[in-house]
Amino acid sequence: MRADADRDSAETRAAELRARILDADHAYYVLDRPVLADAEYDRLVRELAEIEAAHPELATSDSPTQRVSGAPSERFERVVHREPMLSLGNIQSDGELDEFDARVHRLLGLAGDVQVGYVAEPKLDGLAVELVYEGGRLVQGSTRGDGVNGEDVTANLRTVGRTRANRGVPERLAGEVPPRVEVRGEVLLFKEHFEAMNRQILRAGDEPFANPRNAAAGSLRQLDWRVTARRPLSFIAYEALVPGAEPGGARAGPWAWRTHAEKLEALARWGFETNAENERCEGIAAVKAYRDRMAERRFALPYDTDGVVVKVDDLDWRRRLGAASKFPRWAVAFKYPPQEEATRIRRIWASVGRTGILTPVVDFEPVRLSGAMVSRATLHNEDEMRRKDVLEGDWILVRRAGEVIPEVVMPLKERRTGEERPFAFPAECPICGAKVVREEGEKVYRCTGAACPAQLVGRLTHFAQRRAMDIDGLGDKLALGLVERGLVKDFADLYAVPFPAWQELFSRPRKEERDAKAELPQKSAQNMVDALERSKATTLRRLLFALGIPQVGEATAATLARHFGELARFMDASEDALLAVRDVGPETAREIRAWTEEPQNRRVVERLLAAGVRPAPETVDAGGPFAGKTVVLTGGLAALSRDDAKAEIERRGGKVSGSVSRKTDLVVAGAEAGSKLEKAQALGVRVVGEEEFLRMLEE
């Protein structure tokens, strides 16, 4: 019983962690609006990885530990990378660096005294992109996206660095070049250019960018390339891939490199800027010495950096080392400890979220951390605030590692004067005036107001998010504008907002769009109307998640959708019928039934259907090659995202698992398949490639 309880607790925590990490990924990579500090994000990922290591059966195929974090926006055409653009595993200690070196030795079968050659370089804080050249001419440029699919931003990339020699994207390569080459690197803003750009923004009376990374991403991902052209972006190249010339391929021509250092030399010959701080290191001790030198110089460098990237230099060794589903085994990123600063609290106040939860927010005197000015942090709940013993008026230590929202580390009690006071949660909601309560056994205070505007804004953005109704462009500011103007009181109202109202909401361009064409408000309004129309064709699982039903996260929404099949059956399900659903317990069943019985909720659902929202019934194919089978996905697929492949398998009656065991029926191996493929082969599990997998889907 104890083991079952521990597993249930681990499963619940893993689901919570995945949800927080995926939301943070979406905010960082898609919206260019970070919501977590690096240190907090890394802590959540590590905690999730530890849970999945202790309970392999809980490792889902869509877990953030299994894939690259970004996601392509629907504002741009999708580009499929020939080779996945994987992210790097993060480490933070000498011990982890030694473990990385030992793992390289072990996987290559090298004796412990063999010095592995590494290339070390500063970890750039910008936007990863891929440039494709054919016959020496630029034919396509794309963002990394989710690692398999990126965004086509060719027109924008052609403008990068045109005003600064050797810091741009060449239109044509110099010298002898292969028929096709894929160049990867980082689009970034140097500190001097970032500060100059922000000064111009401030003179115009607008809000400056928080940091160079956000500014670079926002500048590159513009619908109007002329906006990008006016931004002082730079490009630094760090990788080149030539089809057939990688180790194990044809290895023909002068670009059949043996080492990464040779690649960097070729990139420089072709006209790219490479990082002048790159250094080849013999052995891990030399890497540590380089890391220490860079840590001392990091703030003197012309760009922001939060660590050092370490790569095996020998390309044949890289091929042998391969990659896991998310990270290459031949490279790692060593991240510096979060920078810390002392500052003084101005005030503590309570913000109200979509579920009515009041969160204590700390406003403090602005400090510069990791290149950005920050002045706010959250304390999550009253218990954390009391545990850290943070008082209004305190001097505090805050830290940040590249994100917008910092973390309060501790109060500096030795600097207290006696005038500091504990923060007391308000008895009434600061937004709507309704009563605020903290129920017995709960850690949070909640607003009891059913019509609270702050809750409505939160519910609208939840409804619109990518994994729910996927209404591209509907974020916090737009939702607030809708609520303030009285245009929207529930989800269904979104589909009734008239076109002129959307135009009015978009009439003041955002700072990154102020240089765009004059018809931008009309174009933005039309884009929003189109996004709303597209969202009407959804699935039952997405709609159930979007509605914000208590206790119904993504996983539960999918389970409910598969069980009931149709929205009407779900809405009319009794508490007993809900209890019959796998993984739905008594509390969840009660919460769901209370929600579906509420007349206002039923009216909103009816109005959504009347507006044209049509959730496709969840049907399960009882026949076919996947029915009743347990399938594991590994590596990147060119034709489908991991989420789409999982959905197709489940729709055909299969179950997708995150780990390979003797109970696994099938492994689908895409590009750069990792240890799961090796384990499947060792266990004799059937393995199919992407081409055969797509044929099976058509059966």
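Cβ atoms are placed via backbone N, Cα and C, with glycine included.
Given the structure is predicted, the values throughout are model-derived calculations rather than measurements.
For the recorded site, K123 (active site, N6-AMP-lysine intermediate), the DSSP three-state label reads strand. The annotation active site, N6-AMP-lysine intermediate is assigned in Swiss-Prot to K123.
The NAD(+) binding site annotation in Swiss-Prot covers D38, A39, E40, Y41, D42, S87, L88, E121, R144, E186, K311, K335, and the record cites sequence analysis as its basis. Taken residue by residue with DSSP, R144 (NAD(+) binding site) is part of neither helix nor strand, so it is coil.
In this structure, C429 (Zn(2+) binding site) belongs to neither helix nor strand by DSSP; it is coil. Per Swiss-Prot, Zn(2+) binding site is recorded for C429, C432, C447, C452, and the stated evidence type is sequence analysis.
Per Swiss-Prot, domain 'BRCT' is recorded for 621-699, and the stated evidence type is sequence analysis.
Of the candidate binding-site residues, D42, L88, K311, the one lying closest to C452 (Zn(2+) binding site) when CA atoms are compared is D42. Of the chain residues outside the Zn(2+) site list C429, C432, C447, C452, V352, G356, P430, I431, G433, A434, V436, T448, G449, P453, A454, Q455 have their Cβ within 8 Å of the site's Cβ mean position.
Cα of K311 (NAD(+) binding site) to Cα of C432 (Zn(2+) binding site): a span of 55 Å. Comparing Cα positions, K123 (active site, N6-AMP-lysine intermediate) lies closest to L88 out of the binding-site residues L88, R144, C432. Comparing the Cα of C429 (Zn(2+) binding site) with the Cα of every entry in D42, L88, R144, these being the binding-site residues, the smallest distance points to D42. With respect to their backbone Cα atoms, C432 (Zn(2+) binding site) and D42 (NAD(+) binding site) stand 36 Å from each other.
Under the DSSP three-state reduction, D42 (NAD(+) binding site) is assigned to helix. The Cβ of C447 (Zn(2+) binding site) has 26 other Cβ atoms within 10 Å, all protein chains considered.
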